[in-house]
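J.: This is the structure I have questions about; it appears just below.
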Amino acid sequence: MKDDFAEEEEVHSFGYKRFGIQEGTQCTKCKNNWALKLSIILLYILCALLTITVAILGYKVVEKMDNVTGGMETSRQTYDDKLTAVESDLKKLGDQTGKKALSTNSELSTFRSDILDLRQQLREITEKTSKNKDTLEKLQASGDALVDRQSQLKETLENNSFLITTVNKTLQAYNGYVTNLQQDTSVLQGNLQSQMYSHNVVIMNLNNLNLTQVQQRNLITNLQRSVDDTSQAIQRIKNDFQNLQQVFLQAKKDTDWLKEKVQSLQTLAANNSALAKANNDTLEDMNSQLSSFTGQMDNITTASQANEQNLKDLQDVHRDAENRTAAKFSQLEERFQLFESDIVNIISNISYTAHYLRTLTSNLNEVRTTCTDTLTKHTDDLTSLNNTLANIRLDSVSLRMQQDLMRSRLDTEVANLSVIMEEMKLVDSKHGQLIKNFTILQGPPGPRGPKGDRGQQGPPGPTGNKGQKGEKGEPGPPGPAGERGPIGPVGPPGERGSKGSKGLQGSKGSRGSPGKPGPQGPSGDPGPPGPPGKDGLPGPQGPPGFQGLQGTVGEPGVPGPRGLPGLPGMPGMPGIKGPPGPPGPSGAAVPLALKTEPTTAPEDNGCLPYWKNFTDKCYYFSTERDFFEDAKLFCERMSSHLVFINTGEEQQWIKNQMVAKQNYWIGLTDLEQENEWRWLDGTLLEYKNWKAGQPDNWGHGHGPGEDCAGLINFGQWNDFPCEDMNHFICEKDRERELAITL
């Protein structure tokens, strides 16, 4: 019984334990023995009834439990399915939310980083805008200064134009003066020529007079000699006459003792008388000749005195003319010196104004280039800022749309979860009502479940404390050269310059007040004799003069016909060595093949001096500045042309050869057609190295534009107005074999 009861008890307990239901309390046995049997019988009966009832109840309970377990299993399955679906949905939602959260977190982090970058950019933009404001203020100040400078330049240009007009007027006046001076000089030259002609005539007359004086002196000397001879002859005649008188006296004395000889002496006396008469005649002739000679001498002396007076007058006139011409020449030289000094001052002023204008144009070009660079940079920065702001706006709009979608999805998911939670609450309440009568035992812990998915990345932790200052690193490589900064403030006034050139001569002042009369000075030296007066009236005709002297010997007559050749004479002694003769005629011409001219020795690279070689070309880098057309003409005169750059190697070599901070013309222009750049030989560009934003044809109504190209710093190309002054580079082919000039 006990065993059966225990088995039943075990079965019931097993069945109850199976469903987690605890057993009920057992019946107490009667202690009385008499009642034991009854109780045992009743117990058997009750046990049988109980077994039957328990079996029936168990069956019913089992059926109900089966139904309940089936319903619970179905409900559990449904709930499991729902829970799995909910879990899958939650997982999906979790994955989606995780992905979306990750994406949103990444997007938010990117958005935050973008916002931080935008804030940083906005800060930089604000700083740049503040700097740009400062720079704009500086630019405005510089623009105002430029406007003031331009107004000053306009004023200076107007003053310079006025000065140039005045200079032109003065130059025209000086041209008039110069023409007048040229006319005066031509007149003076004519006068000088006439004076020279008259001077030559006077010199000829003087030479003739000198010749006549020499001839007269020779005649006078001859006359004096003849007079001396005549005087000697007269003395001789006188001596002879005295001797004759003495002889006559002796003859008278001796007449007594000569009477005897009278007859013999009569003939002698007749002869002597004839001789005496002849002597008397000769003496009378000599006296007449002497008187004629004295008259001629008087005439000659008067003529010589007149000639001397005329010579003195001519010398005085010549001296006066020379003094006048010297005074005029000194005045003209002084005037020319004044004109030269004025012209030098004018030329210096013009050169200074031209240099000042060139410096102004170069400064304006530099300011223009810097302004264009800054404006292009500002425009690029503004365009980039506008693009970034537009991108930020688009990103913010897309993020807002994504946030709205996420909010709507979250709202729908939360609503679904709230509905599912309400259903779960209802199911839990039903389960609670069903399992109120059962005591649920806590079972043993189940097996360990599979490893879950990796959780989401947590939010970043708080920023840590600032670390210690690290060691000083090594100095980095030097950075690239920064942009050119703004123009600094005006410096202090410089030192006083050197003394300028002498100014123009001032205008003549007003006439001063007359001074007090001074004391009477001493009498001066007598002046030079005045010029001779006019010729007087012709005097009365004088008596006929004496017979003139014998004239000079005439020129030799025409030689007669040549006679027959005589016999050859004996050879004479060798004569004295004569002086060296004149140089003989030039010899025969040297053949052209042997005649060479020295040429400038070229360098070993095949280029002339001051030319540089690269590959098969020669290049000339100018040291002076010139206009584009003048530079082109200069290169053409040197049998070359402005440089054509067709390769990068050539560009790099030219860049290395350039002098810093100097611009150079190249043979590139768009004068024929705008914005179609061609080399001077008409070919199109094969290689380009324009600066960023160039060519821009920067004119803006201020001129014809920029139609000529050149090299600036770092060898980049830029367009310039053709009227600018720049250095230039000439190019020509290298001469491999220099022919010898024959």
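A Cβ is built for glycine as well, from the same backbone N, Cα and C atoms used for every other residue.
What Swiss-Prot records for this protein is below:
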{"type": "TOPO_DOM", "residues": "1-37", "note": "topological domain 'Cytoplasmic'"}
{"type": "TRANSMEM", "residues": "38-58", "note": "transmembrane segment"}
{"type": "TOPO_DOM", "residues": "59-742", "note": "topological domain 'Extracellular'"}
{"type": "COILED", "residues": "73-141", "note": "coiled coil"}
{"type": "COILED", "residues": "215-254", "note": "coiled coil"}
{"type": "COILED", "residues": "296-328", "note": "coiled coil"}
{"type": "REGION", "residues": "439-591", "note": "region 'Disordered'"}
{"type": "DOMAIN", "residues": "443-502", "note": "domain 'Collagen-like 1'"}
{"type": "COMPBIAS", "residues": "501-514", "note": "compositional bias 'Low complexity'"}
{"type": "COMPBIAS", "residues": "534-556", "note": "compositional bias 'Low complexity'"}
{"type": "DOMAIN", "residues": "614-731", "note": "domain 'C-type lectin'"}
{"type": "BINDING", "residues": "F644, N646, E650, E731", "note": "Ca(2+) 1 binding site"}
{"type": "BINDING", "residues": "Q694, D696, E706, N718, D719", "note": "Ca(2+) 3 binding site"}
J.: Between N646 (Ca(2+) 1 binding site) and E706 (Ca(2+) 3 binding site), find the distance joining the two CA atoms and give it rounded to the nearest Å.
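T.: Rounded to a whole number, the Cα-Cα distance is 22 Å.
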J.: What is the average pLDDT across the coiled coil (73-141)?
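T.: Summing pLDDT over the coiled coil (73-141) and dividing by its length gives 68.
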J.: What count of other C-beta atoms do you get within 10 angstroms of the C-beta of F644 (Ca(2+) 1 binding site), across all chains shown?
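T.: Excluding its own Cβ, the number within 10 Å is 18.
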J.: Cα distance, E650 (Ca(2+) 1 binding site) to E706 (Ca(2+) 3 binding site), nearest Å?
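T.: That separation, Cα to Cα, works out to 25 Å.
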J.: Just give me the nearest neighbour of E650 (Ca(2+) 1 binding site) among the binding-site residues Q694, D696, N718, D719, Cα to Cα.
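T.: Comparing Cα positions, the candidate nearest E650 (Ca(2+) 1 binding site) turns out to be N718.
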J.: Among all the protein chains here, how many other CB atoms are within 10 A of the CB of Q694 (Ca(2+) 3 binding site)?
T.: 18
J.: With helix taken as DSSP H, G or I, strand as E or B and everything else coil, how many residues of the domain 'C-type lectin' (614-731) land in each class?
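T.: The domain 'C-type lectin' (614-731) comes out at 23 helix, 33 strand, 62 coil.
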J.: Within 8 Å of the centroid of the Cβ atoms of Q694, D696, E706, N718, D719, which other residues of that chain place their own Cβ, given that this set defines the recorded Ca(2+) 3 site?
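T.: Close Cβ neighbours, site residues excluded: W690, K691, P695, N697, W698, A709, W717, F720.
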J.: Including all protein chains displayed, how many Cβ atoms other than that of D696 (Ca(2+) 3 binding site) lie within 10 Å of its Cβ?
T.: 14
J.: DSSP-wise, what's the residue breakdown of the domain 'Collagen-like 1' (443-502) into helix, strand and coil?
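T.: Tallying H, G and I as helix, E and B as strand, the rest coil: 0 helix, 0 strand, 60 coil.
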J.: Other than F644, N646, E650, E731, which residues of the same chain sit close to Ca(2+) 1? List them in sequence order, counting a residue when its Cβ is within 8 Å of the Cβ centroid of the site.
T.: K617, V643, I645, T647
J.: Reported as an integer number of Å, what is the Cα distance between N718 (Ca(2+) 3 binding site) and E731 (Ca(2+) 1 binding site)?
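T.: Computed Cα spacing between N718 (Ca(2+) 3 binding site) and E731 (Ca(2+) 1 binding site) is 19 Å.
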J.: In whole Å, note down how far the CA of D696 (Ca(2+) 3 binding site) lies from the CA of E731 (Ca(2+) 1 binding site).
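T.: On Cα coordinates alone, these residues lie 27 Å apart.
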J.: Could you measure between Q694 (Ca(2+) 3 binding site) and F644 (Ca(2+) 1 binding site) for me? Cα positions, answer in whole angstrom.
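T.: Answer for this pair: 18 Å between alpha carbons.
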J.: Output the one of N646, N718 that, of all these binding-site residues, has the highest number of other Cβ atoms within 10 Å of its Cβ.
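T.: That would be N718, with the highest Cβ count within 10 Å.
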J.: For D719 (Ca(2+) 3 binding site), what residues in its own chain, 6 or more apart in sequence, show a Cβ-Cβ distance under 8 Å?
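T.: The list for D719 (Ca(2+) 3 binding site) reads Q694, P695, D696, N697, W698, E706, D707, C708, A709, G710, given in order along the sequence.
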